[in-house]
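*Asks:* Sharing the feature lines straight out of TrEMBL:
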{"type": "REGION", "residues": "B:1-33", "note": "region 'Disordered'"}
{"type": "DOMAIN", "residues": "B:41-115", "note": "domain 'Cation-transporting P-type ATPase N-terminal'"}
{"type": "TRANSMEM", "residues": "B:95-117", "note": "transmembrane segment"}
{"type": "TRANSMEM", "residues": "B:129-148", "note": "transmembrane segment"}
{"type": "COMPBIAS", "residues": "B:214-228", "note": "compositional bias 'Polar residues'"}
{"type": "REGION", "residues": "B:214-233", "note": "region 'Disordered'"}
{"type": "TRANSMEM", "residues": "B:290-314", "note": "transmembrane segment"}
{"type": "TRANSMEM", "residues": "B:320-343", "note": "transmembrane segment"}
{"type": "TRANSMEM", "residues": "B:856-879", "note": "transmembrane segment"}
{"type": "TRANSMEM", "residues": "B:920-939", "note": "transmembrane segment"}
{"type": "TRANSMEM", "residues": "B:960-977", "note": "transmembrane segment"}
{"type": "TRANSMEM", "residues": "B:992-1008", "note": "transmembrane segment"}
């Protein structure tokens, strides 16, 4: 999981690093930072993380309900039908 | 509590509204009075004396005038409802109880601080106001949530009311009149018949085959016969008293009313139950303890920095605001919601496993339980008589008593099957089927035999079902053997007989079948059927009969003897008129066939469950209204008295010495009779509870059950009570957790209980214990996690005060952590699985094992929290340094920094900053600090997953936790990057590199705690464990 996070981070880093690299030539111009792409990149990551989290929960729900269905039914079936001796 | 029951005895009930103050004083005394045994003495008086006492007449009944007079004196024959708590009071309890107090205090302090600021400053910062509002909102929302969650109503009295009979047949002035049961008064002559509810406590003056079902009162499964003679000193056991709201099953009886309304035995139980005050739940006590610790820390920090601020030269008012700020910063805003949600989740999970929890706090109680007092009838047993053993062919055979006829008896034992082809067995089955008045109710052919309803008394039904199961339709057999004559069972004969035609059409003889008390039956027999052959009864066979009878009786079973005879055709030709009144046929020289014994058998899952409770260190005590022999037999059957353990009496019998010579210390088990219990002093009682591990209380009254529970609680045990009857309800209410049975339980018991087992399965209790222990552990983890982030939230403010740096973390960002990013991971810890087998350890000691202890605080605040704070400050200094403010420049800069008029503040490089520019940098720092806390909390939630094991042992299977990690990061990124946040929450977008400032600290936390846990595991009981294991 951490790997995924790292990848996500680095992909979001790349454009801003590039933009910083472009600009460090002119030392006298006013300090400028590309907040717009930073914002977009950050939001994209946030949304991605959010969706991944939701996806995790949804998959969990599925397996959970499956196992829940199978588990209580087992003993029920046994007790519902008495074995006449 | 607080309503004088015995007062209203003497004065009219209208008094109720008059003076309430003296009643409250008497409340406590009344409760003690109620706990005493029933003060009925009428059963020992002769009928004449009773009549004299009530000035009534045995034939004419009361006069109408007298009845009216009594009605005014005693009040109506109804149960007084307890004073109900209005809904708003309950709501307020949720709103101001326990943890909420802490948040309320915080909110009030916030408003106070804001008021001070508003009064002194021109343009006060709104932070304190917002914080106060948010705190209030959190408390109110959580309060509403738990109010609706619980929505439990104490309708105890109402469910008692449902049991009250509506109409009663009384004789007044010689005439039978049907009146409302409420109007029945003491001295009334009442008539009851089968199917009626008894309208009041009555002293029976005459009865015809009257049987009453006392199971709701005493727990005895079988109906008891009633007759005019006093058979026992104890009013609950004597035959000549019938009790209010019990059922008359069959026969008729006439009696004089001796108690009405609240003074009846049932009324006393009702009043006792609804009047009992229950203590705080264990988890409530733990939370209180936690609040004390937190308050202590908060006040200590606050006062220290207040003094420090004064020393540093701040004004009084500023110092007070700092004091309040620090105290409030210590309040874990999100914890109340976290705890509530964690408990709710567990409650939901338990409900899925058929444990319905009525009170949210009771979720944990089973986990702390160290003693379970269990009722027998209906809880441990199936509450239906079943044939358990048979003796024929000079041998004892075992019948299958399991609920589903699977033959499984737990622990892998199986019931050996007997030879069903034996002729003797066939004869026995025929007698049991024919000499039996019970029959299946119509229209149940589709149902399995054991589930069908039967009309008839318990033991006959048991025989009927047994025969139907083994040998097919009893009805068909009865049709083939038409009944010619019958003498029903009565207490003088102690037998029941019937005469039938034979199956064989050509055989004109009559078959006489008889069943009854074994010794009586044997007296009438001269021969015995062995392997299908009639043999003369000799001494040897008689002795073997005696042995079998003793053995089965010793198992607590009810034994019946069976015999038959073919009546000779020459004496009793076809069409012979059998006269059952004046018996004109042979009733001796019969042929003995066998014995059958019945018991209310234990439920299948109980022995395993009891075993699991044992291994979890929980003491299981049986408390029953039933007879000691039966109770002991069942206790042995389910393992409450484990194999090989003996009672004092057993030891005495084995060594052949008098009971008094046995050292009671030698016996681990003991069976105590209710009448002995009455004479025990408190010390003796404590002694018994302390020194015996396996205890059975038999013949106990509802009051005694309560006393037993109180005795256990006095010894420091956390007591769970399971029960299903009305007689258990006081004990259920008093217990730390009352567990009622969902299917068989009475309404009253369900109302009094905190938890209901929906499937009546005692084994669900084990689930409850497991879940309770798990949630206790997980709450610890959750609290440890939540508290940790308090330190990186407080330290910025402290440094702000002491070294005068620009504020590193604002109130809003703190709230974003506590109520935002921290919430999901904290809750996800409730889904954590157990680290070790929690059912193998002893129950926690409520005095020693606290939910939150100093070690937890030391880990959270002193160790992990400090590292987190370092991480946050690192990010803060990095950002300021990147902007030109090196750390050395920052110290002492605060006054200028926060000065609106200073727009040319120089940084370390001489750049000038306006106020607005500075603030943007400051708020960017807040955001970075916030993000750093999120990053270090990643590591924190992972280390909080376990308290002893390594994360690598525990694994990361908790998907909710991973979800939490994703969500908190997403939320942090969203708050930082979402356009408009700079206006709304004053949060600014962070450069990507600033996210990584806290990473090393996060890693450090992980490594630090893994090493700590490694040391802890390597040296059990060592310094690390003693100082850091929470």
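Backbone N, Cα and C define each Cβ position, glycine as well.
Tell me about the setting of these features in this model.
*Replies:* Here the compositional bias 'Polar residues' (B:214-228) has Cβ contacts under 8 Å with residues 47, 163, 204-207, 236, 239-240, 242-243, 245-246, 249-251, 253, 265-266, 269, 375-378, 381, 383-385, 457-459, 491, 600, 624-626, 701-702, 725-728, 746 of the same chain, all six or more residues outside its ends.
Counting residues 6+ beyond its ends, the transmembrane segment (B:290-314) has Cβ neighbours under 8 Å at 98-99, 101-102, 320, 322-324, 326-327, 330-332, 783, 794, 798, 801-802, 850-852, 854, 857, 861 in the same chain.
Beyond its flanks by at least six residues, the transmembrane segment (B:856-879) meets 293, 297, 780, 783-785, 787-792, 795-796, 799, 808-809, 887, 890, 921, 924-925, 928-929, 931-933, 935-937, 940, 943, 994, 997-998, 1000-1002, 1004-1005, 1008-1009, 1027-1028, 1030 of its own chain at Cβ-Cβ distances under 8 Å.
A Cβ distance under 8 Å defines the sequence-distant neighbours of the transmembrane segment (B:920-939), meaning residues of its chain 6+ beyond its ends; these are 785, 788-789, 792-793, 796, 806-810, 812-813, 816-817, 821-822, 825, 867-868, 871-876, 878-880, 883, 885, 897, 913, 965, 968-969, 972, 975-976, 982, 986-990, 994-995, 997-999, 1001-1003, 1005-1006.
Among residues of the same chain six or more beyond the transmembrane segment (B:992-1008), those with a C-beta under 8 A of the stretch's C-beta atoms are 863-864, 867-868, 870-872, 874-875, 878-879, 928, 931-933, 935-936, 938-940, 942-943.
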*Asks:* Residues of the same chain, at least six outside the transmembrane segment (B:320-343), with any C-beta under 8 angstroms of its C-beta?
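*Replies:* Sequence-distant neighbours of the transmembrane segment (B:320-343): 99-100, 102-103, 105-106, 109-110, 112-113, 116-117, 128, 131, 134-135, 138-139, 141-142, 145-146, 149, 283, 287, 294, 297-299, 301-303, 305-306, 309, 314, 360-361, 363-364, 775, 778-779, 782-783, 786-787, 790, 793-794, 797-798, 801, 814-815, 818-819, 822-823, 826-827, 829-830.
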*Asks:* If you average pLDDT over the domain 'Cation-transporting P-type ATPase N-terminal' (B:41-115), what do you get?
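*Replies:* Mean pLDDT, the domain 'Cation-transporting P-type ATPase N-terminal' (B:41-115): 83.
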*Asks:* Just give the helix, strand and coil counts over the compositional bias 'Polar residues' (B:214-228), going by DSSP.
*Replies:* 4 helix, 3 strand, 8 coil
*Asks:* Within the domain 'Cation-transporting P-type ATPase N-terminal' (B:41-115), how many residues are helix, strand or coil going by DSSP?
*Replies:* 48 helix, 1 strand, 26 coil
